[in-house]
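*Asks:* Encoded as structure tokens, here's the structure I'll be asking about.
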């Protein structure tokens, strides 16, 4: 049985999150509920100071302005200098030239430990042709596994591809988490919440199996919430956050459905 939730709640790691403008409250709550202490930052003037007291850094690239990009790079490089894990979410990276260029700049200047997005976003960052399949489309897990492995090797990072099943790979070791809920896709910011949870997990252990467990925490919480509220998105969201807070290692071990990919 895993003991990851007990351990992170005992350690209470500090997660510095540079959020987008849409979901900072959700992300801060999720970090707190699973056992971390969130700090949210939106000014480049305090980036280095806050990294100095953090245990991990989350960069959400959903908000684009000059100071935000400056903050991402300042904080990212400071985290690299302290050997802190850096989680990057390239939100809608292909949607505009600005988003594409910002991701390229950050990935060139900051070492990324965990890159998380949907399959369309991850494929685009790695220059993989996902073509007409669509930003959230998938032809089974096989293609998504290959995208994750290729991107992980390119960025020397752990890649998390969110979807109906979540794929986690460091390029050589790959897991698929089969828990989840369609309601997570309806609730805006579920991916941002996962970013924050991964910040908590990576502060404790940044290995690919630990990242897979962190991904499963969110998926299991969503799956359990959907069981009670299959068609009530607002009630689902409340139950989902309650589950993040209440979930323990025994329940996680009972509910998790995780597959290690051998090829």
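Even glycines carry a Cβ here, placed using N, Cα and C.
Feature table excerpt (TrEMBL):
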type: BINDING; residues: 40, 189; note: substrate binding site
type: BINDING; residues: 116, 162; note: ATP binding site
*Asks:* In whole Å, note down how far the CA of residue 189 (substrate binding site) lies from the CA of residue 162 (ATP binding site).
*Replies:* 12
*Asks:* Rounded to the nearest Å, what's the C-alpha distance separating residue 116 (ATP binding site) and residue 189 (substrate binding site)? Just drop the number here, would you?
*Replies:* 13
*Asks:* Counting every protein chain present, what is the number of Cβ atoms, excluding its own, within 10 Å of the Cβ of residue 40 (substrate binding site)?
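*Replies:* Residue 40 (substrate binding site): 17 neighbouring Cβ atoms within 10 Å.
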